[in-house]
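Annotation source Swiss-Prot lists region 'Disordered' at 19-42. According to Swiss-Prot, the compositional bias 'Basic and acidic residues' annotation covers 21-35. According to Swiss-Prot, the feature [4Fe-4S] cluster binding site maps to Cys147, Cys569, Cys572, Cys578, an assignment based on similarity to another entry.
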Amino acid sequence: MQRMRGKIFKNEPLVPMNVTSEHEQVQSISKEESRSLSSNDLNLSADSELQLESEPEIESEQLKNHEDVYEIIRSMVLATDTTLPRLSNNSLTGIYNHWKLNPNDDLPLYNPTKYIPYEFHSQYNQDRSYIITPRLSVTKLLVSSWCELRSFYQVYSGSVRLPSTKAMTQGTKLHSKLEAEIHPEIDTTEIEQFLISNAMSLRELQTTVPAEEETVVIDLGEVEQLAVDWAEMLIERLFSLIMGAEAREILLHGYLNLKNRSFVTNKDEIRESSSVLVSGIVDYIKFQNVTNPSDGTLFDDIHGFVDSAFDQVDNVPLVDLSQFLPEAKQILQNYDFRLTFTDVKTRSARQIPRQESVLEAAKFQTFYYRHFFHLLSRDSRFTYFSLIENAERRGHDVDKPLSILTTISLLRKHYHIFFKDFVKLANGEPIGFSPFDDSAKSIPYDFVSMFQSSDEFSLANPNHNHFLEQISAIDGIEYDSILSPLLKVWKTPPTLRYLAARASQLFNVFNENIGDITSVEYRYNKTSELLSEKVYDYNFSEFQAEVESASKFWNGEREVIPTEDLSRCSYCEFQSKCMVAGGKTTEAVEKKTIGPKIRQFLNECESSSKG
């Protein structure tokens with residue numbers, strides 16, 4: 001605490017502040033504080049004033065020093081009462097509020113708070129999911145793509161979401177179009193509506209069932225959404241990669257140890273507090289003979305095995321994953337096929353980026369995906385526990401039974417993968433993966449009562465004939481073959497734990513087939529025309545250097561590096577208050593940085609004294 005000219009200025013630690021709207025951006029300063037900061041309050045002695053009048057050169061120098069002191073003090077003091085100009089956008093409002101800055105001042109180049117970027121990102125974020133589940137994305141690690149200073153300011157603004165643009169919307173549509181070409185969506189809306197309506201009718205008849213024994217029929221919560229994502233963007237996609245040589249939109253993740261500046265490679269490290277969950281979605285993976293891309297003999301062997309080993313329903317083989325996984329891995333080892341990893345960038349004009357840093361960031365994005373896939377394919381046990389940790393960090397119970405609606409939806413869309421496994425779960429049989437088989441909980445799962453029509457409903461003697469006729473009439477699938485054998489009380493319910501087990505085994509199939517070729521496709525978002533493809537050779541040393549740099553940024557262990565290309569500033573939401581964008585001199589920048597540095601020091605001192 002310091003006393004200055006009869007006014008007490010107390011350095012206060014940073015406290016959470018909400019990002020206000022543009023109509024709430026007026027800040028103020030009291031008349032007393034305004035006077036205390038005026039040049040008349042620098043407390044010059046009478047002798048000094050006489051000397052200044054007789055010695056112009058000394059006067060000039062001292063006034064300059066006083067102005068410097070004034071600037072430093074002013075940059076430390078927060079405005080309170082006098083009306084100040086509004087900030088031009090919510091991002092600026094956020095960072096000025098969080099950093100307690102005077103809106104008349106430029107943004108400092110130095111973080112004046114006690115929070116490192118990752119801590120701040122995990123506590124002050126407009127997207128509350130990052131507060132509930134602290135994590136980073138692959139794109140968040142690419143801090144040097146445009147301007148590190150902008151990335152830095154975005155974090156401390158509270159990660160304010162920028163409005164979606166027309167180009168972004170078109171890009172999203174193109175990604176969905178490319179995904180549907182390989183993974184056509186099966187619309188189960190009508191089936192789900194029928195099941196919900198039927199369940200509502202039956203619920204009125206089930207007044208004798210104790211609440212604690214009820215199996216959840218309808219649940220559209222986050223656990224269910226994650227289950228669908230794992231089933232479709234992991235299990236189905238990896239199976240498609242084995243059977244059809246390509247897949248799009250595959251979920252990947254890793255755990256970045258910010259202290260060691262490297263990704264975790266053993267399951268014991270996963271739960272450490274310094275291990276940060278990093279998630280990403282790889283746009284496209286191709287599985288091919290790199291020296292002869294037209295070679296399809298591996299897939300002929302895979303399909304030959306599947307067609308001969310498994311029964312079919314509607315000309316679709318019902319694959320037993322317990323048998324398929326070890327056999328597929330053995331077949332893959334007989335061929336020199338490799339995975340290649342591609343990121344798709346959409347462009348609103350028929351040209352690729354000219355900025356080298358943007359091109360480099362895109363390259364490293366593919367390196368991250370390649371590295372994640374490598375980590376997830378090395379050891380199925382590591383991947384299994386990695387997925388379990390992923391779900392638990394999101395607050396999910398991995399042993400919670402999935403709702404009936406989710407289970408029947410997954411069965412309808414992907415019965416070729418899940419039917420045989422669901423039979424095993426229903427009968428309480430092992431699936432052949434010991435980490436799951438040894439820990440799966442035996443919980444009664446009522447997969448029978450809800451699959452009746454109200455006109456023939458019975459708890460004691462369920463009759464499914466009319467129900468099966470009704471649901472088969474919706475889309476013509478042989479439900480009598482894929483549903484009837486499952487209509488019982490299951491001994492082991494379907495859970496996130498089960499999905500983690502199968503996903504980890506599918507990753508491991510590719511253990512010896514990870515390639516080093518990555519690429520970035522640039523496509524015109526209006527037509528999907530391929531404008532250019534940049535091909536890269538994965539280099540671990542180069543990648544690790546990038547990981548270390550990103551780790552130091554998020555750990556607050558290095559200074560941020562502003563862009564040298566000031567033409568980029570015109571696209572930045574912080575331009576109007578950025579000293580770099582304003583072309584300020586080094587001396588001016590340093591002077592305006594001293595105050596925030598002092599504020600940071602005082603914050604740290606006060607925090608230490610309280611701790």
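Even glycines carry a Cβ here, placed using N, Cα and C.
Other residues of the same chain near the [4Fe-4S] cluster site, with their Cβ within 8 Å of the Cβ centroid of Cys147, Cys569, Cys572, Cys578, are Leu149, Arg150, Pro562, Thr563, Leu566, Arg568, Tyr571, Phe574, Gln575, Val580, Ala581.
A C-beta separation below 8 Å, combined with a sequence spacing of at least six in one chain, links Cys147 ([4Fe-4S] cluster binding site) to Pro562, Thr563, Arg568, Cys569, Cys572. Take the CB of Cys578 ([4Fe-4S] cluster binding site) and look out to 10 A: across all protein chains shown you find 23 other CB atoms.
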